[in-house]
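Trainee: Below you will find the structure I want to go over with you.
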Amino acid sequence: MLKIDGVTRRFGDVTALDGVSLEIGQGEFFALLGPSGCGKTTLLRIIAGFETPDSGTVTLDGDDLLAAPPNRRPISLMFQSYALFPHMTVARNVAYGLEQEKLPRQGIRKRVGEVLETVGLAEHGDRRPAQLSGGQRQRVALARSIVKRPRLLLLDEPLSALDKKVRADMQLELKRLQHEVGITFVVVTHDQEEAMSLADRIAVFHNGRVCQVDEPVALYERPRTPFVAGFVGASNLFEGTAGEGGGLSTGGFGVLPGTPLPDVAPGVEALLCVRPENIALTDADADVPAADAAEVADAADAADAADAADVVDVAADADAAADAADAGDADVADVAGTAGRAGDSVGASEAGAGAGGAGEGGGDGLLRGSVLDVSFYGGVSHLSIDVPGHPKPVLVAVQGAGAVRPGVKVRLDWDASDAVVIPRDTR
Amino acid sequence: MTTSRGRHRLGALVFLAPGLTYIVVLVLVPLALVLSFTFFQRGRFGGVIYEFTTENFARAIDPLYLGVVGTSLKIAALTTLIALALGYPTAYLIARLPRRWKTIALIAIVLPFWTNFIIRMYAWIILLNGPGLVNSGFELFGLGPYELLYNQGAIVAGLLYSYLPLMVLPLYAAIEKLDPQLREASANLGASGFTTFRRVTLPLTLPGVLTGSMFVFVPSFANFVIPEMLGGGKTLMVGNLIRNEFLKARDWPFGSTLATALVAVLVLLLLAQAWAARRA
């Protein structure tokens with residue numbers, strides 16, 4: 001529906017947009033996500049007609065959009081500041097766009113009434129914007145944008161001016177509204193949570209370029225660049241080269257398990273990205289009986305050992321431990337170090353998990369470190385763990401209030417399927 | 001508590017004293033004197049006879065003097081309208097300049113104030129008189145010479161020149177303050193440039209329009225130097241009338257009455273402006 005092709009915009013020496021191409025479908029809820037200064041707002045202003053690109057084309061259903069002045073585009077923009085007319089009442093604000101279409105007064109009044117009903121402000125038509133709360137103003141801005149029934153609605157940081165509670169409500173409200181009116185929504189935001197929860201698809205911007213366009217879950221689970229990995233959610237990145245059979249070869253930690261992206265060839269410089277909630281944490285001091293058990297090489301005993309090992313809180317669940325036990329023969333301790341090599345078959349992840357689990361048994365783990373800090377967020381706790389040889393503390397998320405105290409020695413493990421090997425960003 | 005507050009007030013008074021003394025002695029006392037003169041009679045050879053009368057007020061509404069007020073109103077209103085017509089686009093353009101050029105433009109606007117007012121009026125005489133620069137310009141095209149000086153047109157030109165900056169500055173402040181996104185929002189909702197101006201920009205800068213108009217109208221209405229110098233004394237404005245009563249006719253009570261009436265009218269205008277600005 002909206003097709004952006006090779007759009008470039010420079011301001012002096014600064015390249016705000018560098019050859020951006022995107023295609024947005026009819027009825028889609030699309031997000032442009034990126035830090036401030038990444039060019040997303042410039043793109044929005046180009047679509048709305050307040051900026052002109054230096055090169056590139058923008059078409060809406062095949063019509064050249066750039067040829068039309070801003071007031072002749074079938075596009076509504078909801079401004080970050082809402083830009084409500086302070087000298088007009090709520091109803092006058094909403095009616096403004098319809099009055100420009102020279103509609104009969106009766107029709108205008110009816111549609112204004114309807115749309116104010118939709119956003120729950122039917123009672124407030126006579127108020128001035130200054131007499132409304134932030135959330136109410138946002139609704140007025142929304143009503144003013146959708147009353148013209150635009151083909152495309154652009155929203156510039158729609159929720160950033162609201163406090164947390166109102167935000168959550170408005171988030172649901174926006175989604176409901178989008179389903180109801182069936183307009184294509186394009187939202188610009190720097191808030192990855194907002195983008196993830198609202199959008200069907202997200203384009204991540206960085207330095208005027210599009211890094212990745214994907215659905216929220218894919219974006220989170222399979223980031224394609226280090227920037228995306230770092231910007232969308234928290235992540236731990238390890239440097240190294242892509243291993244032969246998957247995984248990442250590092251200098252200090254051997255081969256770490258991970259699934260390479262299709263375009264990552266073995267041997268190239270790469271990064272391994274693993275999410276905090278995918279790291280399993282085990283108390284390193286409880287490994288002595290587990291080691292004994294591994295030597296016994298008895299499956300049942302190994303399972304016991306896994307139980308015995310004081311599992312602080314593990315994202316990899318009990319099944320993984322059982323797998324570990326199943327896989328556990330005398331050699332597992334050796335396997336642990338090279339778990340990532342286990343390959344990319346379906347079994348690979350299990351083998352990896354097995355190796356990891358066995359690693360516990362072997363008293364090794366993928367990584368070892370000591371807890372630096374614990375922060376409780378209600379529901380989840382974030383632990384930062386100092387791993388000798390890794391420049392930054394490793395972040396681990398555990399359910400509930402973590403029982404771990406700073407200073408405790410721990411082992412870290414994860415499945416190959418939960419970690420991605422991505423190419424090193426050259427830019 | 002009360003003593004500390006009392007001491008606080010005393011301290012404030014010490015700082016206020018110089019300014020307060022100045023205002024009381026040089027503004028309030030003369031104003032009270034002028035006000036009191038309105039109820040007294042003139043002496044035969046000038047001076048004031050302290051006997052109560054209301055005759056001055058009866059004389060002030062004589063058609064002869066009302067005519068002078070009418071002329072003053074006409075000239076001041078015309079000056080204000082032209083100043084608004086010239087000043088609004090100027091202020092609008094300055095407000096949209098890049099920051100560096102904004103400063104330069106604003107300095108250029110106030111620059112004439114750094115030269116003595118009388119000297120600038122003489123400069124206008126040189127520009128407008130018979131063999132002056134403007135007529136020389138016309139001569140190049142085989143036109144003129146025209147009678148440009150010593151008429152109401154010359155008065156309006158002089159007033160306009162003197163007070164245009166006082167129109168531009170409050171307008172600039174009002175336009176500058178206006179969120180540019182409001183104009184964008186208007187365009188986004190389908191309004192043309194003219195509609196945006198009429199329904200968004202102008203209503204929201206109306207306080208600036210009122211302030212600027214007041215700044216131009218008030219000194220134009222009461223001016224007596226420009227009508228004297230550029231009007232050649234042929235056009236009598238309220239300011240000239242008051243000066244003549246004090247200095248030529250030596251009728252201080254009647255001069256005071258006219259001055260009081262003038263102040264009253266201007267105060268009413270200011271109140272009206274303040275009221276309108278609050279509503280806008």
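Cβ from N, Cα, C; glycine included.
Annotations for this protein, taken from TrEMBL, read as follows:
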type	residues	note
DOMAIN	B:69-275	domain 'ABC transmembrane type-1'
TRANSMEM	B:12-40	transmembrane segment
TRANSMEM	B:75-94	transmembrane segment
TRANSMEM	B:106-128	transmembrane segment
TRANSMEM	B:148-173	transmembrane segment
TRANSMEM	B:204-226	transmembrane segment
TRANSMEM	B:254-276	transmembrane segment
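In terms of burial and nearby residues, how do these features look in this structure?
Mentor: Below 8 angstroms of C-beta separation, residues 72-73, 75-77, 79-80, 83-84, 87-88, 91, 117-118, 121, 155, 158-159, 162-164, 166-175, 178, 182, 237-240, 242-243, 262, 266, 269-270, 273, 276-277, 280 of the same chain, each at least six residues beyond the ends of the transmembrane segment (B:204-226), sit close to that stretch.
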Trainee: For the transmembrane segment (B:75-94) against the transmembrane segment (B:254-276), do we get 3 or more Cβ-Cβ pairs below 8 Å once near-sequence pairs (under 6 apart) are dropped?
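Mentor: No; fewer than 3 Cβ pairs under 8 Å.
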Trainee: Using a cut-off of under 8 Å between C-beta atoms, tell me which stretch among B:12-40, B:106-128, B:148-173 contacts the transmembrane segment (B:254-276) the most.
Mentor: B:12-40
